[in-house]
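Trainee: Below you'll find the structure I mean.
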Amino acid sequence: MSEETIVNCPTCGKTVVWGEQSPFRPFCSKRCQLIDLGEWAAEEKRIPSAGDLSDSDDWSEQQP
């Protein structure tokens with residue numbers, strides 16, 4: 001007997017069973033999934049970084 005893992009939808013907070021019966025997991029629906037994607041695309045959400053933008057100077061494709 002296996003226990004079902006239950007998570008909350010990150011968008012609306014509804015409970016979602018983490019399993020094949022929930023194709024949009026961790027979201028409860030396609031709508032909540034698209035709302036989250038839109039927030040990332042609009043840069044309302046971001047992964048915090050301690051890096052300085054000057055660190056990317058070494059990544060330049062231009063040759064000195």
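Residue positions begin at 1 at the first shown residue.
Each Cβ is built from the backbone N, Cα and C atoms, and glycine gets one as well.
Residues annotated as Zn(2+) binding site in Swiss-Prot: C9, C12, C28, C32. Swiss-Prot lists 54-64 with the feature compositional bias 'Acidic residues'. The region 'Disordered' annotation in Swiss-Prot covers 45-64.
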Trainee: Does anything in the same chain, at least 6 positions from C9 (Zn(2+) binding site), have a Cβ under 8 Å from its Cβ, and if so what?
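Mentor: Looking at Cβ-Cβ distances below 8 Å from C9 (Zn(2+) binding site), excluding near sequence neighbours, one finds T15, V16, P26, F27, C28, S29, C32.
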Trainee: Going along the chain, which residues six or more apart from C12 (Zn(2+) binding site) have their CB under 8 A from its CB?
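Mentor: Long-range Cβ contacts: C28, C32.
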Trainee: Other residues near the Zn(2+) site, CB within 8 A of the CB centroid of C9, C12, C28, C32?
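Mentor: Neighbours found: P10, T11, G13, K14, V16, F27, S29, R31.
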